[in-house]
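Engineer: First, the structure itself, so that you have it in front of you.
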Amino acid sequence: MEGKEQTDDEVLKGMLSRRFHYAKAQRSSTYHHTFRTKTRWELVRLSLLIVGIECTYATETAFVAPILLAIGLPHTLMTMMWAMPPIVGVLFVPVVASVSDRLRFAWGRRRPVLLILGIAMLLGMMLLPHGRVIGETIGLRSVAWIATITTIGLTTTDFSAEASNGLCRTYAMEVCTIQDQARVLSTMMLIGGLGGMLGYLFGAIDWSALPVGQYFESNEAAVFTANWVVLLVGLVSTLTSFSEIPLPVQEEDEMLRPVTHWMLQNEMKRMRGDEYDAQTNLTESIGFRQFLRNTVQMPASMKILCLTQFLSHMGYLPYCLYFTDFVGAEVFRGDVQAPEHSPAFVRYEEGLRFACWGMALFAGCASLYSLVIEKLIDRVGARPVYVCGLMAHCVGMLAMGFLRNRPVVMLCCSLTGIMYATIYSIPFLLISHYHSKNSFHMEDGKCVESTEPRGFGADVSMMSSVLCLAQLIVSLVMGVLIDAAGTTVVITFVAGGCAFLAAVSAMAILYMGL
């Protein structure tokens, strides 16, 4: 039989070639790109929104805590302000993902939602550094009102970034062939790290000493404006990169459906003469009720993956959200609430800029590590790469907490970069792996095909919901711990402990040969 003589790659190449020429022959469609290999530049252009998102994360994490503390809030209230975005995220990120899965617009399922979220991010970034000015302009000068305006900007920006993060990855994987999915994820990790580095470098610059600084009311305003431009460029670039195949088109024409691993295996069965499903599966389009059922009745493999990602973010977020304050207060012995231009305040500002250099190193290391993580997975397997990446952060956080000197801080930032690249690549690869095989568990070393439909976009966005839940807990608890301990050093020990638990959990994940 012909099917027995052909490998999976050969059959896949044939399926893609037939669909490519079919789509190209349809004068009314521009979907043939879905069935061809993308160039590296095309993957970069597809990923530029991630640069803007990571740059936004960097600016947020570096400056929101100092902005809120400078308003006059204690650590307990400051950290609780960080609780608002994850509360909104836990409630609405799954809703956004589910709506996106079922959207029937001619522009596609992902890009219309990404456009709305991108505009929300841009508006939030305008509110964040200008809370005091906006409050004074409309006559709301109290600390409570200024903090409220700032928190609205934070919530809008952070929620939109979290929802966009998973959705952008979903969009990229859907317009790429299954052979290109790992490439596009590693590309996103690479240039996303560069975006984070760019955001932190913006924060490390003393804008007031530059000629352009005179046009901004504060250093923070200059940083957020630079970030705003990067985000706008990334949003426009990604949304204009590749058209999606609308859901109604996929339903009407089987030849214009992206080739999945499930379709490949079905074709192999057909060519061998085995029993196969004559109906092409469109499991991505599920209703919200089905999505809720899938969330409650997750397969064990997805539960363990979500638990590991939750613990990973519990380890990463204390560093991410409060690192600049830790360096300014504990490493440089400064005080953000000291009188302006006083020695303690100047030391804190110096510590803040030094921390931004450290976080730029963290982002750079994450970007560089993303270049080799795929090769490491191929050579030693995903399990050791995942576990070792989490343990690198654990060791770095404990060393930073015990030693608290500048060289150690820099070294530990690089270790956290390894962990960051790990948790933003391997979990998404695993979800893609599960869906491509249409299997979420194994028996006797073989994949068992799933009979319960699950939305790919919803499962990817579930990782964002896990992040929101972790951020909510960290936000509610960390300020209380800092005030009780009387020092921000506690964040390093919490981060290290959670990273260790995540590494233990990662040992139990189902890797399916990845």
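Placement of Cβ uses the backbone N, Cα and C atoms for every residue, glycine included.
Not my notes, these are from TrEMBL:
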- 46-73: transmembrane segment (TRANSMEM)
- 79-100: transmembrane segment (TRANSMEM)
- 112-131: transmembrane segment (TRANSMEM)
- 143-161: transmembrane segment (TRANSMEM)
- 182-202: transmembrane segment (TRANSMEM)
- 222-242: transmembrane segment (TRANSMEM)
- 354-372: transmembrane segment (TRANSMEM)
- 384-403: transmembrane segment (TRANSMEM)
- 408-431: transmembrane segment (TRANSMEM)
- 462-482: transmembrane segment (TRANSMEM)
- 489-512: transmembrane segment (TRANSMEM)
Engineer: Which one of these stretches, 79-100, 112-131, 182-202, 408-431, 462-482, has the most C-beta pairs shorter than 8 Å to the transmembrane segment (354-372)?
Structural biologist: 182-202
Engineer: Considering only Cβ pairs within less than 8 angstroms, which of the stretches 112-131, 182-202, 222-242, 462-482, 489-512 has the most against the transmembrane segment (408-431)?
Structural biologist: 182-202
Engineer: May I ask you to check whether the transmembrane segment (182-202) and the transmembrane segment (143-161) make contact, with contact taken as at least three Cβ pairs under 8 Å and only pairs 6 or more apart in sequence counted?
Structural biologist: no
Engineer: Are the transmembrane segment (143-161) and the transmembrane segment (112-131) close, by which I mean at least 3 Cβ pairs under 8 Å that are 6+ residues apart in sequence?
Structural biologist: yes
